[in-house]
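This report refers to the structure that appears directly beneath it.
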Amino acid sequence: MQYKSLELEKKKFGEGSDDSTEAAAFDDINSLMKAEAQAAATQEDSLSSLPQASFNYINSIVGSGVIGIPYALHRAGFGLGLFLLVIVAVITDYSLILMVRCGHLSGRFSYPGVMEAAYGKTGYYLLSLLQFMYPFLAMISYNVVVGDTLSKVLVRLVPSWGTSMGAVRFGVVLVVTVFVVIPLCLYKNVSRLAKASFLSLACVVIILVAIVYKLLAGDYDVVPNTPESWRFAHSDLIPAVGIMAFAFMCHHNTFLVYQSMRNATMERWEKVTHLSVGFAWLVAACFGIAGYCTFRALSQGDLLENYCWDDDLMNFSRVLFSVSILLTFPIECFVSREIVRTQIKRFYSQEVVEYDTDKDPSHATGGEEDEKAVTTTLVIVFAAFIISPYTECLGPVLELNGLLAAIPLAYILPGLAYIQLSPHSLFSQEKLPAAGLVVFGTIVTISGAALLMPNLMGDCRTGIIMGYCRDDELSLNGTASALVATTPACVTDRV
């Protein structure tokens, strides 16, 4: 009996031990599930909601290009220019959606990855070069605009600084690079810039309100009409399309924004794209109409250069425009940085390496990868900083950059990729719009480059003050006003 009792106790103990082990296993599983749920929740929280993604995308679209829309309306003609603005917006909307469709067809959610899936290494390296050059040149232009704008505002406040404009301009770019640009660029994910994107958009909206107010107040009714004013159509359609395409260019940021979205699907992406492009078109149209109605054929490539330098409201707008550009700078830097890091990884590993698309870049584990990201960011930012003081009048160069980089990136390459990846026939309903996109982009690029190359820097002048802003003390001669009226593309004012 004692033996049986002992065996029974051992059996009970063993059964209890099994139950305890099983319970412990379930506890481990529950803990693991809770940990995974918490990690997923953390990841979900770090991604952008649909409004946040829209803010980031709108901020990527609405930049320095909107200031040039009045000049584009002058080149194309007021009526035809507004029609072209609608066409460019619709084409841009279609091409952005087409890019993400290509990503789903190829399974490669980066622009270079899509091009490699479609055209091999040739497509990959061509796209990578263009995709790096465009945002990097944009960063240089942002430095130039900020340096010129803020330095002139400072000279307005401290006139004695006008004798050393070069040093003032260099100091402005250095200060904003160190204290504004670098801290923002060191973020690893665009979803963290949602608030900054909203602030940048707010600056653009305030500038637009100031431009409309100046129009309604009649402060610039003294601006003279010319024979070129209020024409419905002009012959310079191609340069106008190039300027508008530059204003809507955001394709190099497409997959970064798409990957930062929460619950990213084609349906949600189409909503973000329609909302972002629609808002960008509305802002561009308002800038174009208000600016053109104020200055008509005298509209310059940078609309703010048309306003007199003793106009304090527009000086405030110039400061806001600089803030908006500086908040756009990091988004361009993200693209350049990821391309450089990808090429380095690809070179050393000899494997197919894409951007950080399998996981949100903000979830990096730190250590060496973070250090490399910081180093790459600093090299790119300081390279743009070092180059920018040596450039002064970038209007024609940026226009050419828009034709040779923006239009191929925005229209030609997405259309070619979809034609190659889609299983439908070339003349099918699905592929014909993509083929039309390629034809449109090719015609504009080739003809635009042919028109612009001979006179790339011919109209670039400095030291000119707008004739209607001159008082008796600043008046130089009676021909300066006509000079400004005939060459409004690239003029910078010196005080």
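Every residue gets a Cβ built from N, Cα and C, even glycine.
Note that the coordinates shown come from a computational prediction; the quantities given were computed from them, not determined experimentally.
Copied over from TrEMBL, here are the features:
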DOMAIN    48-449  domain 'Amino acid transporter transmembrane'
TRANSMEM  79-103  transmembrane segment
TRANSMEM  124-146  transmembrane segment
TRANSMEM  166-186  transmembrane segment
TRANSMEM  198-217  transmembrane segment
TRANSMEM  237-258  transmembrane segment
TRANSMEM  279-299  transmembrane segment
TRANSMEM  319-340  transmembrane segment
TRANSMEM  403-421  transmembrane segment
TRANSMEM  433-453  transmembrane segment
The transmembrane segment (79-103) touching the transmembrane segment (433-453) per 3+ Cβ pairs under 8 Å rule: yes
Criterion met for the transmembrane segment (124-146) and the transmembrane segment (79-103) (at least three Cβ pairs under 8 Å): no
Feature contact check the transmembrane segment (403-421) with the transmembrane segment (79-103), CB under 8 Å, 3 or more pairs: yes
Selection from 166-186, 198-217, 237-258, 279-299, 403-421, the stretch that has most Cβ pairs under 8 A to the transmembrane segment (319-340): 198-217
Dominant neighbour of the transmembrane segment (403-421) in 166-186, 198-217, 237-258, 279-299, by Cβ pairs under 8 Å: 237-258
Recorded stretch that, among 166-186, 198-217, 279-299, has the most CB pairs under 8 Å to the transmembrane segment (237-258): 279-299
